[in-house]
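Annotation source TrEMBL lists domain 'tRNA-guanine(15) transglycosylase-like' at 18-422. For C361, C363, C366, H392, the entry in TrEMBL reads Zn(2+) binding site.
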Amino acid sequence: MAGSKMKLELSRVVQGKGRLGVLKGLGRTGQHSLKIPGCLLYTHFGSVPHLTQDTLHTMRDLPSVTQVTLSTIAEHQEVLEEFKDGFRKFAGLHDTVLYCSLHDPATSCPTGHTTNKTVSVWGSGGRIELTAAKFMALQRTIQPDWYQSMADGETWLSDTSRKRVRKSVDRTLAHLDECLLVHKNSQEFEGAEIFGVVEGGDILEERLRSARETAKRPVGGFCLDGFQAGSMDQALRTQLINAVTKELPEDKPRLLQGVGQPDEVLACVGASVDLFEAFFPFQVTERGCALCFSFDISPDPERAGSAPSTVLELEQERDAPVEAQQNGDNMVDGQTQMTSFEMNLKDKRYQDDFRPLVEGCGCYCCRNHKRAYLHHLLVTNELLAGVLLMIHNTAHYQGFFSALREALATDKLDLLQRRVLSKGGRPGGKSE
């Protein structure tokens, strides 16, 4: 596409284990890059939940691509049009690549509101119906570096009929063609990338048709939609994604929407997915929990053969997620149930626990505060609890992706999988 500088350089491709590389030339000026496999920076209206921009940028190794969602921006279109300088400057963002998706991956949307000509997004004021013309007018106002094309993504429910799935693929391709026409003929989009959306529900033939047809269009990358957590079991998801990615060009990135748990990320990286949305740390934070799964694949040789102290300390806690899950206190919206990769700091067991959230973690929270303090902040509903948890959970999740890239580079992916999945990923989990 005219003005496009984005280039995917793959340094390693391991069949059945993933792709390692760097996305270069990102942004309108092409000065940014992003390592893959990797994730985007999740935000609400341009702000990482609970964190100010200054607090956020005290953290290291943040993704160079910030995700915003049309569902939160659409209702502010008139204000942004009057502002004229785009969303990045409007939100006071630091130097970053801006990616605009259709929906918020951490929020479920009502279904049944798409037509042949429109899709709907849901803001704080309710439903907003978008035609292709209005969708592109919004993108012109936002001025993103990447954006997801319009798509009919309502076929992820398991009882969706084959006819409805076929219609969703047809609609999504028609929307893409309309968006591409405007994109090509608008000077405002020079240097920006449009990502085509692969739909098809759980029907292999439709997934393949959607992938093949989308790959024929001049898109910068691909969004794999309809695979979100809870929509299908992992085995079927992996099978479908494997089939889809084989139909896509090797030199363009694949972004998977709605999948964020570490075990699911590992499976999908093995199916040749490059990028993920980083909404999972936010969901964990909202539950009053801290990520605590292990991803250490480079143990200190001096300690080799001896169990880290964390093993013994957390052995007695390994069933905590199940207990917390049963008390019904950890549900955000019915879809975000507590997982085995986190600890519930509201639990009374932490009221006199004077250890950091995770031994050896270098984040601000773990360097300066103890579990007992976080427990106190949570039970007294102090706002600082969300700030400290979001700092830790974001840092832990980014550390996981860094370990994932290292594992691919050094043939240690099997070791990483054992670390992450041992006892649900609790740090130092040892075999029974």
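From the backbone N, Cα and C atoms, a Cβ is placed for every residue, glycine too.
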- Note on the structure: All chains considered, the count of other Cβ atoms within 10 Å of the Cβ of C363 (Zn(2+) binding site) is 23
- Message: Within a 10 Å radius of its Cβ, which of these binding-site residues (C361, C366) has the fewest neighbouring Cβ atoms?
- Response: C361
- Counting across all protein chains shown, how many other Cβ atoms sit within 10 Å of the Cβ of H392 (Zn(2+) binding site)? 26
- Task: Excluding C361, C363, C366, H392, please set out which residues of the same chain place their CB within 8 Å of the center of the CB atoms of the Zn(2+) site, keeping sequence order.
- Result: P356, L357, V358, G362, Y364, C365, R367, I391, A395, H396
